[in-house]
Amino acid sequence: MEALLEPVVQLFGPAWPAVWTLTKIVAIIAPLMLCVAYLTLAERKVIGYMQVRIGPNRVGPKGLLQPIADGMKLLFKEIIVPTGASKGLFILGPILAIAPSLAAWAVVPFGEGMVLADVNAGLLFLLAITSVEVYGVIIAGWASNSKYPFLGSMRAAAQMVSYEVAMGFALICVLLISASLNLTDIVRSQGQGQFHEMGLSFLSWNWIPLFPMFIVFLISGIAETNRAPFDVVEGESEVVAGHMVEYSGMAFALFFLAEYANMILVSILTSVLFVGGWLSPVSFLPDGFFWLALKTAFFLFVFLWARATFPRFRYDHIMRLGWKVFIPITLVWVIVVAVWMMSPLSIWK
């Protein structure tokens, strides 16, 4: 590989490290955007089948070109800025929403050595960068100078902060048993132990000893992304479309892309942190990216399944679930895991 790249390295000279990093960024973001586009089609198809409908089937064979048509439509639509809006902040809102969604992928490993930035504080970076997104939502709601976007953005801020706390405590449990903030090390730590040696690798993954945290993390991830049944932020019957009411064209599309990119991010993080990432469930099958993609696809299906199945929760119920149920459970489980690790019954020695 190095021999093949040698002429290119000589061509760019001192600029090669920057060019190589940029190439890796494009290699992550381009497929991600394609996945986001076709996730919208998958969502419409899955929900259609659940409601005994066909879903999109007109644009291209079996409707496969529908996401391209939707993207082109949004690309050529005018971005209308309301008269009373703060124009600079109005445009900044969608950018602040999508930037953290893309930046978070820098520390996500796709396989052994397949990561853009293999930093030791990857988990901490993820917590920090994903919490920035709420500022984009708040700015969008405030800059629109309209009551519905403002109400929606306040709801979003309260909801995202509430569930970030529970997710943070769930991640502390993962940190305790993995003894590392590096996501690659967390996956490696799930590939060892008695069950792994017996060939039943899936029994050594974190989802079994941390099952309550696994459920809390997944549900909190759905709430963090403002997806149904936690979509009170854009409840059509209450606040029309929340903070996105006044947006059109590509400005609206950026919020849309951020939401679906976050869905994929939460799904892949759940796979990496709790179900072994790219590790094979049984020892006689090889590890690889295929397993990570399969697990991520399953969790994405859970997102779509939840949307098609559950009615929207009332806002006070969502707040109560976050503060009075999830946070106490995660706090107790952090203590349980810490005591369990110190006891003679520890399974992590």
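Every residue, even glycine, has its Cβ placed from backbone N, Cα and C.
What Swiss-Prot lists as transmembrane segment is 19-39 (among others). Residues 12, 67-68, 70-71, 102, 105-106, 116, 257, 260-261, 263-264, 300 of the same chain, all 6+ positions outside the transmembrane segment (19-39), place their C-beta atoms under 8 angstroms from a C-beta of that stretch.
What Swiss-Prot records for 88-108 (among others) is transmembrane segment, and it gives sequence analysis as the kind of evidence.
What Swiss-Prot records for 123-143 (among others) is transmembrane segment.
Annotation comment: Swiss-Prot describes 161-181 (among others) as transmembrane segment, evidence class sequence analysis. Counting residues 6+ beyond its ends, the transmembrane segment (161-181) has Cβ neighbours under 8 Å at 120-124, 127, 130-131, 134, 189-190, 206, 209-210, 213-214, 216-217, 220-221, 223-224, 273-274, 318-319, 322-323, 326-327, 330-331, 333-334, 337-338, 341, 348 in the same chain.
Residues or ranges marked as transmembrane segment in Swiss-Prot (evidence: sequence analysis): 202-222 (among others).
Long-range contacts of the transmembrane segment (249-269) within its own chain (CB-CB distance under 8 A, at least 6 residues past either end) are made by residues 32-33, 35-36, 39-40, 71, 74-80, 90-91, 93-95, 97-98, 101-102, 104-105, 108, 126, 130, 133, 136, 140, 218, 221-222, 224-227, 243, 292, 296-297, 299-300, 303. Taken from Swiss-Prot, the feature transmembrane segment applies to 249-269 (among others), supported by sequence analysis.
What Swiss-Prot lists as transmembrane segment is 284-304 (among others). Note on the transmembrane segment (284-304): residues 39, 42-43, 46-47, 110-112, 114, 191, 199, 218, 222, 225, 227, 263-264, 266-268, 270-272, 275-278 of its chain, located 6 or more positions outside it, place their CB under 8 angstroms from a CB of the stretch.
If one looks beyond the transmembrane segment (325-345) by at least 6 residues along the same chain, the residues whose Cβ comes under 8 Å of a Cβ in the stretch are 163, 165-166, 169-170, 172-173, 176-177, 209-210, 212-213, 216, 219-220. Among the features that Swiss-Prot reports, transmembrane segment is placed at 325-345 (among others).
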